[in-house]
Amino acid sequence: MKTLAFTGRELRENRLVWAGAAFTAAMAWAWPWLRHLRGGAPEGTALAAVVAAHLGCVFAVAGFLAFRGIPGDLGDRRFSFDLAQPVGLGALVAGRLLGAWLLAIGGGAVVLAPALLGGSLPWGHGLGLLGLSGVLALPVLLAGHLLGIAWRSRSAWILVDLAAAALFLRSQAALAQGLLRKGGGWLDGFMLGTGLLLVLLLALAVGLPLAHGRTDLARVRARQSLVLVAGLAVITAAGCLLAVFARS
């Protein structure tokens, strides 16, 4: 229940998201018709504009709220009042992130509403798009939180993260090329597995540094970086094992 209380507070504090989503919906609906009146975009581009506006709204809201919310509270030491009450840091963080996710999905639903109610977008397709964007918003939310911590801390750990990310991308590209030369049968599983492991790593990098109730930004950032580097190393090792198995 305490988690839901923090979720409700997040929804109340960022209620302007609904107004922004309504404005985005109006612009997405009006823009293709305005261009059509001027002899520009055909009528069929209205649906494409709504879908693009929906995805942009979901990802922008999720990333912005995660980047600004908890990292800002940690940097300004605003957690002291909440943690002085009988509440855990885990409930606070989970509630804030859940609230940001609900705002992102709710804003995206508002953008889709005119197309759904007007019949230009079938309900089945609209709900499927909303579900897909909701799933994709999760890694955006987690990444926004991590980037917000990194930005607020401005520590040298960012250099460690960048070096680890560069090595990881290089190794993953080499592994993908090797699997592709073997016929590409393993490539789809490799890409899907890597993506799922990266999402899991993002979740661990968000949760583990805060697991002991530490709210010191510098310490949280250092632990975050260590989790990320170790996780990227594990994912790379798993990819190497898969490549060896595929060659045998």
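Using the three backbone atoms N, Cα and C, a Cβ is placed for every residue, glycine included.
As recorded in TrEMBL:
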TRANSMEM  16-34  transmembrane segment
TRANSMEM  46-67  transmembrane segment
TRANSMEM  87-117  transmembrane segment
TRANSMEM  123-144  transmembrane segment
TRANSMEM  156-178  transmembrane segment
TRANSMEM  190-213  transmembrane segment
TRANSMEM  225-246  transmembrane segment
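Put simply, of 16-34, 46-67, 156-178, 190-213, the stretch with the most CB pairs closer than 8 A to the transmembrane segment (87-117) is 46-67. Comparison of 123-144, 156-178, 190-213, 225-246 by number of C-beta pairs under 8 angstroms to the transmembrane segment (46-67) places 123-144 first. Sequence-distant contacts of the transmembrane segment (190-213) (same chain, six or more residues past either end, CB-CB distance under 8 Å): 83, 88-90, 93, 97, 138-139, 142-143, 145-146, 172, 175-176, 179, 219-221, 223-224, 227-228, 231-232, 235, 238-239, 242. For the transmembrane segment (225-246), the list of distant contacts is 146, 157-158, 160-161, 164-165, 167-168, 171-172, 175, 178-179, 182, 185-186, 189-190, 193-194, 197-198, 201, 204-205, 208-209: same-chain residues at least six beyond its ends, Cβ to Cβ under 8 Å.
Only residues 6 or more beyond the boundaries of the transmembrane segment (156-178), in the same chain, are considered here, and those with a CB under 8 A from a CB of the stretch are 150, 187, 190-191, 194, 221-222, 224-225, 228-229, 232-233, 235-236, 239-240, 242-243, 247.
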